[in-house]
Amino acid sequence: MDQTLQQHGPVDLAFTAPPSKSFTHRALIIAALADGESLIRGPLIAEDTLLTVRALQALGADITDTPEGYRVQGTDGRPDCAEGTVLDLKNSGTSLRLLSSIALLCSSTAGVTLTGSPRMQQRPIGELGDAIRTLGGSVRYLAADGYPPCVVQGPLVGGEATLDGSVSSQFISSLLLAAPYAVRPVDLKVARQPVSRSYLEITGAVMAAFGVPVRRVGYTHFTVQPARYRGREYTVEGDYSSASYFFALAATLGGKVTVRNLNHDSVQGDRLFVAALKAMGCRVTRETDGVTIERTKNLHGISIDMTTAPDTVQTLAVVAALADSPTTITGVGHLQYKESDRVAVTAGTLRALGCTVDISADAITIHPGPLHGGVIDPHDDHRTAMAFAVLGLAVGDVTIEDPACVGKSFPKFWNALAAGGLL
């Protein structure tokens with residue numbers, strides 16, 4: 001059933017940010033490789049993270065969902081899976097990319113097959129595959145060269161590999177997560193400043209929490225020595241990406257919104273969204289365990305580089321549609337490789353609602369204008385659905401098709417809006 005949004009006025013609301021998807025993925029993977037038992041407290045339970053759980057179970061990790069969180073009995077770096085294991089990661093690019101290197105550690109003599117949805121099979125992984133081969137592993141593509149489905153087989157010997165870094169930082173994160181269990185040290189060099197580099201900080205932070213440091217020089221040289229993760233209790237922090245939709249309610253509708261369960265010292269790149277709203281004219285107040293956004297005057301257009309905050313680009317774009325001057329967002333070229341081509345989809349949808357939008361190879365410019373309702377196809381992309389739901393509440397008569405696609409990262413999104421009296 002579709003979800004229709006009607007126009008709402010200023011708000012005064014409080015929400016709790018759901019757990020971070022990025023931290024949950026990494027904590028689960030590391031715990032599954034660790035020596036001993038781990039307890040992952042407050043994990044995100046959503047389609048993507050459940051796919052990672054099931055894949056790790058197929059690779060031999062004992063994972064139990066308990067009231068306290070996920071209890072994970074690690075494999076001590078030796079995942080054990082049946083011959084011919086196939087990991088169908090559906091539409092979870094994070095799961096497929098991060099687990100590709102973990103598959104190198106598996107005992108299967110036939111390798112591990114990683115596959116996904118039709119869209120997943122259009123998302124390139126050739127750069128990761130090349131690095132895996134350089135480090136001693138094997139990658140065999142079953143359809144198009146450089147794209148899933150593929151068969152990955154170890155060993156992970158180690159040594160030096162060079163990546164480009166311009167498509168996805170997840171290729172680097174994938175290799176880093178598996179690197180402690182290589183025979184020799186793993187030395188990764190990145191030819192260009194990687195996109196979404198804040199996610200590399202998340203990877204490094206979780207690895208360090210489980211006892212394995214990553215030595216790096218900026219974001220262009222990473223070294224991991226042979227080591228072992230140690231099981232532990234780990235609490236997942238709140239998600240700035242998901243919080244952005246609530247913050248955007250204050251920016252688009254007026255009034256104020258407080259989001260709790262946010263770490264002020266987080267390495268999450270999507271914290272930049274808060275600074276963007278401040279630059280556009282919103283008031284930002286730091287609370288004890290969260291942030292309050294308040295808007296009492298017009299929004300102003302800005303120019304901003306969102307390379308480090310890719311998951312909030314669409315949220316910022318819909319806010320920009322209601323400003324009093326144009327907004328240019330740069331650092332967006334790699335978004336074409338997400339669950340949908342987010343630049344093209346965002347531009348097309350804003351145009352359909354009345355905006356003028358210019359796009360180039362690495363930028364999108366939104367020219368505000370009179371907006372009207374319409375029907376939005378999110379292209380099976382959770383972030384498109386949630387971002388345009390926010391705009392729908394400002395414009396009215398906006399219908400989101402396939403609203404259930406938000407289950408990928410934020411299953412309770414619509415419930416949260418309903419609890420705030422917005423549906």
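Positions of Cβ are set from backbone N, Cα and C atoms, glycine also.
If you look up Swiss-Prot, you'll see Lys21, Gly93, Arg123, Gln170, Arg342, Arg383, Lys408 marked as phosphoenolpyruvate binding site, on the strength of sequence analysis. Per Swiss-Prot, 3-phosphoshikimate binding site is recorded for Lys21, Ser22, Arg26, Ser168, Ser169, Gln170, Ser196, Asp311, Lys338. Residues or ranges marked as active site, proton acceptor by Swiss-Prot: Asp311.
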Checklist line | 10 Å Cα neighbourhood of Gln170 (phosphoenolpyruvate binding site): matching recorded positions from Arg26, Ser196, Asp311 | finding: Ser196
Checklist line | The one of Lys21, Arg26, Lys408 whose CB sees the fewest other CB atoms within 10 Å, among these binding-site residues | finding: Lys408
Notebook entry, point to check: CB neighbours of Ser196 (3-phosphoshikimate binding site) within 10 A?
Noted result: 26
Checklist line | the residue listed as 'active site, proton acceptor' versus Lys21 (phosphoenolpyruvate binding site) - Cα distance in angstrom | finding: 11
Notebook entry, point to check: Fewest other CB within 10 angstroms, which one of the binding-site residues Arg123, Arg383?
Noted result: Arg123
Check: Which one is it: of the recorded positions Arg26, Ser169, Ser196, Asp311, whose Cα lies the shortest distance from the Cα of Lys408 (phosphoenolpyruvate binding site)?
Finding: Asp311
Check: Nearest to Ser196 (3-phosphoshikimate binding site) by Cα distance: which of the recorded positions Gly93, Arg123, Asp311 is it?
Finding: Asp311
Item checked: Which listed residue (Gly93, Arg342) has most other Cβ within 10 Å, given these are binding-site residues -> Arg342
Check: Which of these recorded positions is closest to Arg123 (phosphoenolpyruvate binding site) if you go by CA atoms: Arg26, Ser169, Asp311?
Finding: Ser169
Next item on the list: Cα within 10 Å of Arg383 (phosphoenolpyruvate binding site) is the criterion; apply it to the recorded positions Arg26, Ser169, Asp311 and give the hits in sequence order.
Entry: Asp311
Notebook entry, point to check: By CA distance, which of the recorded positions (Arg26, Ser169, Asp311) lies nearest to Arg342 (phosphoenolpyruvate binding site)?
Noted result: Asp311
Check: Could you state the CA-to-CA distance between the residue listed as 'active site, proton acceptor' and Arg26 (3-phosphoshikimate binding site) to the nearest Å?
Finding: 17
Notebook entry, point to check: What Cα-Cα separation, expressed in whole Å, is found between Ser169 (3-phosphoshikimate binding site) and Gly93 (phosphoenolpyruvate binding site)?
Noted result: 12
Next item on the list: Within 10 Å of the Cβ of Ser169 (3-phosphoshikimate binding site), how many other Cβ atoms can you find? Include all protein chains, please.
Entry: 27
